[in-house]
Amino acid sequence: MQPMTARFDLFVVGSGFFGLTIAERVATQLDKRVLVLERRPHIGGNAYSEAEPQTGIEVHKYGAHLFHTSNKRVWDYVRQFTDFTDYRHRVFAMHNGQAYQFPMGLGLVSQFFGKYFTPEQARQLIAEQAAEIDTADAQNLEEKAISLIGRPLYEAFVKGYTAKQWQTDPKELPAANITRLPVRYTFDNRYFSDTYEGLPTDGYTAWLQNMAADHRIEVRLNTDWFDVRGQLRPGSPAAPVVYTGPLDRYFDYAEGRLGWRTLDFEVEVLPIGDFQGTAVMNYNDLDVPYTRIHEFRHFHPERDYPTDKTVIMREYSRFAEDDDEPYYPINTEADRALLATYRARAKSETASSKVLFGGRLGTYQYLDMHMAIASALNMYDNVLAPHLRDGVPLLQDGA
């Protein structure tokens with residue numbers, strides 16, 4: 001007879017925010033046993049953070065993660081697992097040896113053009129400079145950007161950064177890649193304008209561990225779902241699967257590979273107390289190979305970090321090769337056509353095998369953390385809870 005401990009009511013593949021939200025809700029709200037399987041040696045997906053050993057400074061291993069949302073339900077939900085600091089994210093942009101206030105606003109415009117502009121004067125200036133190209137006539141990303149903010153600002157702050165991000169001349173990128181380039185006609189340089197913002201007081205990993213702390217949740221690290229599903233599913237034949245890994249990988253790339261961008265990081269401990277005076281500095285010029293530098297001490301000024309050492313991380317962007325970590329969907333027309341075929345496969349997999357697909361990788365969408373959590377709460381409410389509680393048949397939500 002199958003021992004009770006081996007039986008589960010739900011399998012969750014991946015322990016990022018989507019997977020952990022599903023696991024936590026199903027375990028605590030429905031009193032169900034959940035097994036979370038994680039390929040990596042740690043919990044939390046790309047939100048994982050750890051203390052750098054020499055300094056104790058918390059480093060976001062997969063690039064800076066800033067929590068912000070205007071969704072009250074998400075904010076109330078996440079505060080069950082962590083308190084938040086009052087951190088407000090601000091970014092600066094390095095161009096030609098000068099650091100500019102970012103995003104584009106009165107601070108940047110006044111700095112860049114060498115004198116103060118009132119909101120009205122700045123609007124007029126940018127309208128005049130953008131008049132060079134009509135947005136409707138823009139044939140590529142470069143022309144579209146110039147039609148929105150004018151050539152001087154485009155060449156200083158968009159051209160090089162975009163070329164580095166996409167490894168492609170902006171003249172070769174489709175105009176549709178950008179819908180808007182917002183300019184704020186105020187001195188407000190908060191990066192996000194959401195109602196709620198902050199960083200988890202004890203760090204991301206503590207928050208993620210708290211989400212998985214319920215005794216009805218088991219997390220197995222260093223475990224690839226595709227290696228163990230043949231053993232696990234027969235022992236719990238009624239248990240659905242929530243899969244948050246790459247959508248194309250699930251189907252063994254049968255239709256081809258979806259395109260992603262990846263990031264490379266260089267972490268360095270420097271023998272100084274402060275390297276750049278701010279958490280994130282964008283490097284907008286093409287002659288600098290990285291896109292930005294993170295300095296993690298500035299995320300937590302309330303912490304007692306060493307005054308003689310600091311940790312920086314240089315970030316580089318490139319197209320993902322087969323074995324790279326996927327970060328951002330490229331979303332070309334070919335990708336979208338491929339996605340439609342995989343979505344159709346996902347829908348039939350849900351119907352035939354009780355597998356649901358969610359999260360950034362599982363849906364081929366760029367999701368901020370709060371969006372992944374909101375999406376998981378919706379899947380729980382509309383699909384999983386009705387199925388596990390009332391026996392309603394599973395349907396891939398939104399497919």
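Each Cβ is built from the backbone N, Cα and C atoms, and glycine gets one as well.
Since the structure is predicted, the reported quantities are computational estimates derived from the model, not experimental observations.
What Swiss-Prot lists as FAD binding site is F18, E38, N46, L66, D224, W225, R360, L367, D368, M369, and the listing cites experimental evidence. Residues near D224 (FAD binding site) in space but far in sequence (CB under 8 A, at least 6 apart, same chain), listed by position: L37, R39.
The Cβ neighbour count for F157 (UDP-alpha-D-galactose binding site), using a 10 Å radius over every protein chain in view, is 24. According to Swiss-Prot, the UDP-alpha-D-galactose binding site annotation covers F157, T162, W166, Y191, N282, R292, Y328, Y366.
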Candidate with the highest Cβ count within 10 Å, taken from the binding-site residues F18, W166, Y191, Y328, Y366: F18
Assigned conformation of W166 (UDP-alpha-D-galactose binding site) - DSSP reduced to three states: helix
N46 (FAD binding site), number of other Cβ atoms within 10 Å: 20
Cα within 10 Å of R360 (FAD binding site) - qualifying binding-site residues among F157, T162, Y191, N282, R292: none
Set of same-chain residues at least 6 away whose C-beta sits under 8 angstroms from D368 (FAD binding site): H68
Cα separation, N46 (FAD binding site) to Y191 (UDP-alpha-D-galactose binding site) (Å, whole number): 21
Least buried by Cβ count (within 10 Å) of the binding-site residues R292, R360: R292
